[in-house]
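Single-structure report; data block below.
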Amino acid sequence: MKFSNTYSQLDSAFYQRIAPTKVAAPQLLLWNKNLAQSLLIDEQITNNHNLLAQYFSGNQIPDGAEPMALAYSGHQFGHFNPNLGDGRAHLLGEIIDNDNKRFDIQLKGSGPTQFSRQGDGRCAIGPAVREYIMSEAMFALGVPTSRCLSVVITGEPVYREQVMPGAVVTRVASSHIRVGTFQYFAAKGDLESLNTLTDYTINRHFSHIDINAEDKIEQFLVCAIDKQIELIIAWMRVGFIHGVMNTDNTAISGETIDFGPCAMMSHYHSGTVFSSIDKQGRYAFGNQPHIAQWNMARLAECLLLLVDSNQEKALEKIEPLIIAFNAKFETAYFTMLANKLGLNEVAKKDHQFINELLELMQKQQLDYTSTFAKLTDSLTDTDIQDTLKQQLGDWYANWLTMLASKNQSAQTAKTLMAKNNPLVIPRNHHVEAILAEYETSGQSTVIDDFLEVLRSPYEQLKRTSQFQDEPKDGDHQYRTFCGT
Ligand SMILES: Nc1ncnc2c1ncn2[C@@H]1O[C@H](COP(=O)(O)OP(=O)(O)OP(=O)(O)O)[C@@H](O)[C@H]1O
Ligand SMILES: [Mg+2]
């Protein structure tokens with residue numbers, strides 16, 4: 001493993017240097033071979049499961065790693081908490097992959113840090129495996145996301161509502177710079193660190209921006225906003241509900257991070273919420289764009305201080321960028337839905353037509369994934385056409401007419417739809433069943449079989465049909481919990 005660390009070169013205000021706390025009996029449960037290969041991790045290490053368990057539990061620090069817990073703040077459900085930070089995670093360092101991209105390698109559940117507050121610094125096995133499964137699924141679905149390299153069982157109990165086996169999950173992400181990282185320094189009024197962080201972030205994520213440009217802050221904010229728009233569009237394309245879009249869980253890279261209470265939508269309803277603590281539906285499926293914009297406004301507030309010492313002037317420059325989110329999002333959103341319907345582009349006058357489908361789906365409690373998959377198949381399957389005619393009535397006939405009126409073949413439409421409409425997603429009831437099955441049997445093969453299917457979500461593999469069924473109650477009773 002070849003570390004090439006840059007965050008550790010920032011000054012000590014950015015982190016606490018601290019080693020993970022050793023665990024009793026580390027044992028490798030999951031290892032992401034493909035990801036390890038792309039990170040150019042030696043075969044010799046990869047084949048040595050004992051060594052992997054040592055490294056990725058935090059018991060042994062690999063050469064070149066510089067473990068640290070990062071400082072950050074965050075708005076949690078709208079309330080600002082200045083003191084968050086990695087309370088149970090250790091960044092080991094950065095690795096350049098085979099594509100010349102830089103990635104953070106971070107242990108989560110690896111022991112307390114100065115940011116732990118009341119927490120034990122640990123992670124239970126269930127949430128660790130869930131994060132591994134969900135992030136692999138999201139990656140294969142084509143959604144920007146952090147990934148997991150491994151899950152190691154610690155051999156120690158963690159005390160939650162019940163006693164659970166402990167685990168350390170290793171996360172790989174383009175970086176762990178969050179909106180909350182900017183808030184941490186802005187809240188302290190530490191402009192020097194805020195400046196350093198901004199330049200560091202630009203260099204790391206948006207290196208096309210000229211660091212000496214007078215409007216570099218505005219350019220940076222536009223890039224960060226565009227990444228969030230891309231992210232939320234990708235989530236909504238596959239029916240993902242993050243569940244805890246706090247500013248400390250919003251990565252500036254635009255990757256999905258923190259899979260705590262996330263879930264997949266079954267029946268289409270814009271108000272779908274699964275998280276047990278999200279009583280007001282702040283992070284409901286259809287509210288995600290609004291929250292992403294709100295989070296970007298929090299980032300913008302931090303940046304105001306750097307744009308102009310005259311805050312009114314700064315606001316004049318920054319505010320329009322936040323307002324522009326809405327129009328940009330709308331265009332991207334309807335293009336995404338048009339693609340799901342086999343249309344390359346969409347005119348504003350057709351937005352209503354697309355909304356009508358969503359309204360029909362909502363009214364009739366239709367499954368989001370299955371409906372789009374059926375629409376795709378219906379282009380070549382008359383039985384499915386009949387079903388959809390019954391379910392969607394005139395809308396379905398109008399859609400076929402619309403497709404025919406475009407200058408494109410049915411095959412072109414079908415290809416576009418097949419790329420945008422997954423056949424299989426990590427449905428909540430299957431994720432839960434796999435976790436329960438693993439808990440009973442202790443065999444990781446059940447997880448591997450599930451992952452094999454999830455890694456090819458646009459292909460019908462031999463086992464795909466095992467995981468395509470809709471939940472019997474449409475997941476109306478399903479609840480998720482912050483996996484601390
Ligand atoms: N068991 C724990 N011990 C110590 N700190 C914790 C624990 N669980 C969560 N925290 C801290 O509480 C805050 C909010 O937790 P949250 O669940 O959003 O993040 P997380 O899942 O721990 O980490 P991440 O956002 O990096 O995926 C973070 O500062 C986190 O480090
Ligand atoms: Mg978090």
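Placement of Cβ uses the backbone N, Cα and C atoms for every residue, glycine included.
All TrEMBL annotations are machine predictions without curation.
Among ARG178, ARG237, only ARG178 appears in TrEMBL as part of the ATP site alongside GLY85, GLY87, ARG88, LYS108, ASP120, GLY121, ARG171, ASP258.
Proximity to ASP248 (active site, proton acceptor), defined by a C-alpha to C-alpha distance within 10 angstroms, is shown by the following binding-site residues from GLY85, ARG88, ASP120, ARG171: GLY85. Proximity to ligand 2 (Cβ under 6 Å from any of its atoms) holds for these binding-site residues out of GLY85, ASP120, ASN249: ASN249. Here the C-alpha separation of ARG88 (ATP binding site) and ASN249 (Mg(2+) binding site) works out to 14 Å. In this record, ATP is bound by GLY85, GLY87, ARG88, LYS108, ASP120, GLY121, ARG171, ARG178, ASP258; the longest C-alpha to C-alpha distance in that set is 23 Å. Within the same chain, residues at least 6 positions away in sequence whose Cβ sits under 8 Å from that of ASP120 (ATP binding site) are ARG88, PRO112, VAL158, TYR159.
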